[in-house]
Structures are given as structure tokens and as C-alpha cells.
Amino acid sequence: MCGIVGITGFLPVNQSIYDALTVLQHRGQDAAGICTIDSMNCFRLRKANGLVSDVFEARHMQRLQGNMGIGHVRYPTAGSSSASEAQPFYVNSPYGITLAHNGNLTNAHELRSRLFEHGRRHVNTTSDSEVLLNIFAQELDRFQDYPLSADNIFAAVESLHKQVRGAYAVVSMIIGHGMVAFRDPNGIRPLVLGKRVLPDQRVEYMVASESVALDTLGFEFIRDVAPGEAVYITEKGQLSTRQCAENPKCNPCLFEYVYFARPDSFLDKISVYSARVRMGTKLGEKIAREWEDLDIDVVIPIPETSTDVALEIARILDKPYRQGFVKNRYVGRTFIMPGQQMRRSAVRRKLNANRAEFRDKNVLLVDDSIVRGTTSEQIIEMAREAGAKKVYLASAAPEVRFPNVYGIDMPSVTELIAHGREVNEICQLIKADALIFQDLKDLVAAVREENPEITQFDCSVFDGIYVTKDVDQGYLDYLQSLRNDDAMAIARQTETENLELHNEG
Ligand SMILES: O=P(O)(O)OC[C@H]1O[C@H](OP(=O)(O)OP(=O)(O)O)[C@H](O)[C@@H]1O
Ligand SMILES: NC(=O)CC[C@H](N)C(=O)O
Ligand SMILES: [Mg+2]
């Protein structure tokens, strides 16, 4: 997953974009970037590998001048993790465009060849996002006028939707024009729009992956950008929006609600926090039904994402809720770290047991999801080392059995602990005394309750159904060979940096 943000304003945006990226940091920890347009109509760019706080030093911030800008935090799902594939990306024609993307294109390979052979455009990185930028540029290039009209820009997005497949929430800037943001026709990845009225009544606009970024910056939430819709805000602050897809559907990614998004965000009219509480209600009821005989002394969350679910389970079961694990606040999210070795070693650095909560007790540990089993296996071991008698585990999401192709880096089924395994086998592998998963229908109901207009979520990691309907075994095999942990480890050793636009070093 990645986080994106864009602001069109009348005051310098560098600090606001920086602040927005810090509240979207949970969506991507590998790289960060900001691009602004200065008063001379030139892009100013700083992007590098690392956390937001590491990438931007005071000298970079000073140079990121201008009243319009976009930003990105990256969790790679395509290409390499080299700094040259950090975002935003830049292309110099037409007019000069930069773009930041959250999601993953499933036909990037084909688009890249088409761009080269028919569009005579070379993409110098292995990033799908740079391919997306070039498709956008190519479509804008069909209009020869200056300036491009809003109609031209929307027509370009319309044509882009017809060629590009997969998931994409995008924010982009065109020199001499303004900011363009759009969302794929299935609305797989989130995107929200907000505004801030200045004392002189001028209106600044912001788009971001999650509403929490609007809250933090004092922007008022207007609405979610609709699936397939494009938003264009001119340099002068004129907003226009248009539906650019022929047959848009709202199929948001269910895993956003389980794990990715911050609880204080609202995505597609659903509070992530409330959805998690309802996941706890459903799972608590299932535990009460199916584990009547188990003697649970205490409910303990596996920090951090599962805490809201665990608290509700404790309430349903009428058992004490205790913070049995202490989280090291300086270690980030482990699931989105690159490479299994790094993920494994991070769990123990991140979490430590409060022995008093485990000694001689039967503990029910709660996690939001079990994906590779990296966390649960080690946590159960730690609970036993801390003196637990029995260790039970509950997961607020069902078994993750299928790869993700829409922006979560889970390309390889063999790395998924639940792939080809039943609950009792998984239970044995992670050495729990009992294991229970949420049912998919309950998870969907928990999330959907607040917005019943959503008739289908992207649940592909749970049921193998890909909402774009174009993902076949051939593509999954290709993805697996390209991006499995071993292949990525080799790629990381041979990475080179190749930064295309002047980047403030
Ligand atoms: O089975 P696994 O492959 O270990 O993946 C699942 C775990 O990873 C995530 O935690 P993470 O540490 O990334 O973030 P959190 O602090 O937000 O819970 C998630 O919340 C689960 O705990
Ligand atoms: N997780 C994401 O949204 C990734 C965006 C893009 N595919 C990249 O790898 O940079
Ligand atoms: Mg976790």
C-alpha cells in the first residue's frame, strides 16, 4: 500500500504535505517524496528511501517551494525498491507532469511495450507507476492546445481508464494547469477530497488516501472521490469533477479496513474504527458459540492494529482485556517491511511480553490478520515464555489464501501460511492451543453495515475472486516468479539508483 496526498493552495504547501505524509506513514515505510511547483513554474522534487522524517531535512523543505504540491509514501508492489522508483515520478511532455500512485497495475508489462512500440515512449524504471504516468502523458498529448481545458483532461483520464487495468488512486500535477486526481473504475484503493477556506474566503483543496490526513491539516472532508471519477483543480483554485469511467463500481479493498488504514479514517463512508469494533463483535460471538468449553482468563491484543477488535471481543466474552504486550514505538509495521528476515527479526524488537499478564493464565491473543504467520508464531512463543498455560489465537480476518495484485505485496501463495492448509494445520504450525478465524461473510457484514450501497468488496486475498476480472493463473505465476521473497532479495543486491529529474540531494 502507499499513501498519496496533493494540495492546491495559496500559501506554501511544503510543511502541510510533509505533515500529511507523516499521518499516512503507516501505508508505506520504504520511501517518501514531495514535489511542488514553484513561482517560476518549475518542479521542485525531493524523494529518497526511508521514513518521512529521514527523507526531508530542513534544506530540502526550504527548497520545496510553491503553493501546489503532491506527496507519496511508498510500500513497493512493483519494480524495485531503489530510490529511483520512489515517487512522485516526472515526465517533461506535455507541459511537465508529475504523478504519485497508490495501487498496482496488472497490465503494466503490456502497457510498457505498447508505450515503446506505438507511443515511442521509453520508461526507464521497472515501476508500474511510471508506466501509468506515461499513459496519462500520452493521452494528454493528443490535445494540442494550450492551455488544456478541463474537458481535455477528463477525456485523457477516460481514455486511460480504457487501457489501464488494476488498482490506482492517483494524484498528479501539470505545469501551467493544476492538479488532477483520479481513482480506478472499481475504486479499489481509497481517495478522499477536502477543502480549507482561508480567512479571505479563498478555498484550498486537498486529496489524500485517507481522511485522517484532512483532519490533521484542518481540511474539511468533502467526500470520497468516486470510483472512476477525476478531480481537476486549476492553479487558480477552480475545482471541476467528472465521472470518466463507463461502468464504475465501488469495490473497495476489504483489507484496508482490516489492517491498512488508520482507525480514525473514514473510507467510502465507513469508519475504519467502527468497522473494526464490529469485527470484534462478530468474532466474539463466534468464539462464544464455538469455544464454549475453553477456559479463557484474559483477552490480549497483538499491538497495534488489533487493539480495537480485541477490546470488543473481551466485552462480548465478558473477560478482562489486558495490554499483555508492550510495543516499541520506534519500530514500524512489520508486515510491510521488505524481506522475511527483516520482518521476522522486527517482531521481537517491536513487541515484548508483560509477564504478569501471562503467568499461569489461559490467554486469548487477538490479531487483525494472520498472513505469513510471522507475527503469530513468535508471539505465541513469547506468551509461553512469559508463563502462559494455554495460548489461544483469534484472527479478525479469515484465512489469507490468495495473492494480492492490487497494491499489497503478497505475490506468492507459498509464503501465505493458510495457503493449502486447514485451520488445524495452521494451528499446529504456529503452535497455538486453539485457533479461530473470522468468517468472510461476517467480515464483509461488519464492514458493510455503515454503507450497504457497497455490494461487493475486493476480497481477493480471502476468496481468490479478483474484481477486475482479468487476473488469470498466468499473471499470478508471472507475479510470483518476479516478486517472491528470494527474487526480491537478489534484486535488492543489484539495485542501482537512476534519478531522472533533478532531485534535491
Ligand atoms: O502474519 P503476518 O505475516 O505476521 O502478518 C500479519 C501481522 O502483521 C500486521 O502487523 P504489523 O506489525 O505490520 O502492524 P501493526 O503494528 O499495525 O499491527 C498485522 O497487524 C498482523 O499483526
Ligand atoms: N503499494 C502501492 O500502492 C505501490 C505503488 C506502486 N505499484 C509501487 O510499487 O510503487
Ligand atoms: Mg499487527
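Keep in mind that glycine also has a Cβ here, set from the backbone N, Cα and C atoms.
Just so you know, TrEMBL annotations are computer predictions that nobody has curated.
The annotation active site, nucleophile is assigned in TrEMBL to Cys2. Counting Cβ atoms from all protein chains shown, Cys2 (active site, nucleophile) has 27 others lying within 10 Å of its own Cβ. According to DSSP, Cys2 (active site, nucleophile) sits in a coil region rather than a helix or strand.
Here TrEMBL flags 2-236 as domain 'Glutamine amidotransferase type-2'.
Classification of Asp368 (Mg(2+) binding site) by DSSP places it in coil, neither helical nor stranded. Annotation source TrEMBL lists Mg(2+) binding site at Thr305, Asp367, Asp368.
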Spatial neighbours, same chain, of Asp368 (Mg(2+) binding site) - Cβ under 8 Å, 6+ residues apart: Val258, Tyr259, Arg276, Met279, Thr305, Ser306, Val309, Ser395, Ala396, Ala397
Asp367 (Mg(2+) binding site) and Cys2 (active site, nucleophile), distance between Cα atoms, whole Å: 22
